[in-house]
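First the structure, in the form of structure tokens, and then the observations on it.
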DNA sequence: AGAGGATGTCGCC
DNA sequence: TGGCGACCCTCCTC
């Protein structure tokens, strides 16, 4: 086709310009000013082509309407006013002035006091209530990055687990199926096993009788059992023995837990089925059981810490479900916990196992105070921004296993806040008994969202997976005081491309530690060195200057 | 610096 | 029930 005929066939182009002369100061319109806009001449032979309209009006990126704009203005995001609030999902206001955003109570919707008291309530009062401490201790918040490992993984982190006996070992799984092992007390001691799985490592659990080995479940449809010293995976179960036969047949494993008293590995797939594998014989026992709506993903499984027969599952059918492992059959759950959208996670409380904490895509964290009562509605709903699934690992609120009152939970936040001109996504510590936001933890160098968080079972330590990097947080008061106010050193190890690049530049003979670089931005790749100890500006949540307009 | 791609859920037909 | 487009405050690579 020559140039001439191309022009003839091209549809008519109309141009709309902003009518009212706005205070068009620095805006991008000037770019268009001199453009030789296609002339709407020669409308020959273009009857069938719809005219193209080029609009120079300010258009909202979200609703395409005029008169307003949505998007980032500096570090503050402006919502489209025509959409319901992005946080609480209610119409009539935007996230910026959502009452749940600025209130420390974070939007708690308590359940009505129930008059009904069944026999299980009495059982709870008689046998378990005495073990539940009534006085809540002060929370210790790990709010200062102590060390970090940048780009340990080549894809985003999907799961984290602390070693059950070695206090400073953190395991991490990623979207590629790789397994990272990091001793954060010796920051530069890290290993990545690249051939455990072929895609997303969704869940990992230690063998309760051998803490040197790990069970992992993956979207490749396998469970692997790996000795951490050797790193060679042993295939325990493979749901796709015939390879790829299209998405309708490819089975992926998500939720996994271990019932140590029954010596079982419990794992569930993306079609709603639960599989039971005996840990002694490494054989599957009984047929898979449909525990959620057929064809929907079961994303979480959790065994009750005190009652070995109780299992909690959650999934994409908008339910968390309670099961009795002694008689588990399709449709025969002990209880169903309804949600309005997908349930990302559901956990029993870590000590007594009598509470349930769930995270749902509807931007709500729900708490059931007693599994023995009426569980049709939660005791509390806590509004919290975590509605995002694509591109990111799902957000999950997790209990602090050290909190004797079983009320503190940690969860990353999707929505950003403007901290001194930088958009940061905090990690929230929430008192689930009141919904109060106990702390929002940030670090100016972590500019990516931190959906994966794990609190240490014994130490006051928080591990965070953010994009491909890992961070270890400790309470400020437990760290050495800073030399200058507002600044602190933390140890950083940088991996992957950066490491290779640095080796090429013959920097690898430099000392691993003590390489202070003042005011370094970890995102500024040109200034990075491997194994350096960076001095960063500390921006504590208490002294942050949130700009709330 | 900016475009493009990977990616999961949901509602509509 | 299945296909498809919309969602839309990501993050990485080229």
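From the backbone N, Cα and C atoms, a Cβ is placed for every residue, glycine too.
What TrEMBL says about this one:
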type: REGION; residues: A:15-48; note: region 'Disordered'
type: COMPBIAS; residues: A:17-36; note: compositional bias 'Acidic residues'
type: DOMAIN; residues: A:85-99; note: domain 'CCHC-type'
type: REPEAT; residues: A:150-183; note: repeat 'WD'
type: REPEAT; residues: A:336-369; note: repeat 'WD'
type: REGION; residues: A:482-549; note: region 'Disordered'
type: COMPBIAS; residues: A:509-518; note: compositional bias 'Acidic residues'
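With a threshold of 8 Å between CB atoms, the same-chain residues lying at least 6 positions outside the repeat 'WD' (A:336-369) that come near it are 87-89, 124, 128, 131-132, 299-300, 302-307, 310, 312-316, 318-322, 375-387, 389, 394-401, 404, 406, 409, 411, 430, 432-433. Across the residues of the repeat 'WD' (A:150-183), the predicted structure has a mean pLDDT of 96.
With DSSP classes pooled into helix, strand and coil, the tally for the repeat 'WD' (A:150-183) is 0 helix, 18 strand, 16 coil.
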